[in-house]
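Visitor: So TrEMBL has the following annotated:
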type	residues	note
SIGNAL	1-29	signal peptide
COMPBIAS	33-51	compositional bias 'Basic and acidic residues'
REGION	33-57	region 'Disordered'
DOMAIN	79-114	domain 'EF-hand'
DOMAIN	115-150	domain 'EF-hand'
DOMAIN	166-201	domain 'EF-hand'
DOMAIN	203-238	domain 'EF-hand'
Amino acid sequence: MARGGRGRHLGLALGLLLALVLAPPALRAKPTVRKERVVRPDSELGERPPEDNQSFQYDHEAFLGKEDSKTFDQLTSEESKERLGKIVDRIDNDGDGFVTTEELKTWIKRVQKRYIYDNVAKVWKDYDRDKDDKISWEEYKQATYGYYLGNPTEFHDTSDHHTFKKMLPRDERRFKAADLDGDQTATREEFTAFLHPEEFEHMKEIVVLETLEDIDKNGDGFVDQDEYIADMFSHEENGPEPDWVLSEREQFNEFRDLNKDGKLDKDEIRHWILPQDYDHAQAEARHLVYESDKNKDEKLTKEEILDNWNMFVGSQATNYGEDLTKNHDEL
């Protein structure tokens, strides 16, 4: 039995948990896939459980970025501390020798944006077939669905046929929402909104709608408790549900189902996955300061950060910290 992507993570902003990363088109390139859902905001920092490898992993990905936090075992602790020190110098924008919560927040948001725009840059050339620095819907459709459209009989009565038939109109709907000027072509910014809709205000209704469609298996336009649980957990054997599932059922009843009618509508789904009063970068910055601020002056010296280096950049036990293998000017 597995908990389907429900640990602590950066929420929708990192992508979410979940961001949409498309593989380069191949003969049977896959359409966009659903991302992870947003988990509830962390409890008050003073009530956090002792740190473990899983929660450290969250910190490393927030501080370094998911793609740049995977090969720390190449470095000794001395090497990692030296390179972390160079990163700290970059975070300290005003050069006063202290890293504030606001400076950490700015850094974390920068890491988030770097991941998103790097992702778009990686796939851009695969879709911009005529090299005009725009991607038309036709280019995207042919790159992603071309084989399916040209060889529909090969997908007859297969799960792939069902997937492509379902996802093509869904991608077209999302593409149109991202295409603000309605010219059926996407600039880099519009294509970024298409791939990472959770990052753009005008795309959030699409995020809510796609989430509803993903979870609503009986097609009634709502998400009931069983559908909510099934989205994150499935029984491999008949047996008791683990404690965390029981806790999620309580969360559904107490905090998700706001009008207490036993199901979630679009507004309740929006409140769940796009919380308006929660800034993940602010929360993570506060957490890093809280855990490392020895003298409790609400700001960090380089020494305090280096003394708690494993929280920021990883350790050999957790195999995280690839950013430290780069030249610090690349960060």
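Glycine is no exception: its Cβ is also placed from the backbone N, Cα and C atoms.
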Visitor: What is the number of residues in the domain 'EF-hand' (115-150) that are helix, strand and coil, as DSSP sees it?
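Guide: For that range the per-state counts are 27 helix, 2 strand, 7 coil.
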Visitor: Mind looking up the mean pLDDT for the domain 'EF-hand' (115-150) in the predicted model?
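Guide: Averaged over the domain 'EF-hand' (115-150), the predicted model reaches a pLDDT of 93.
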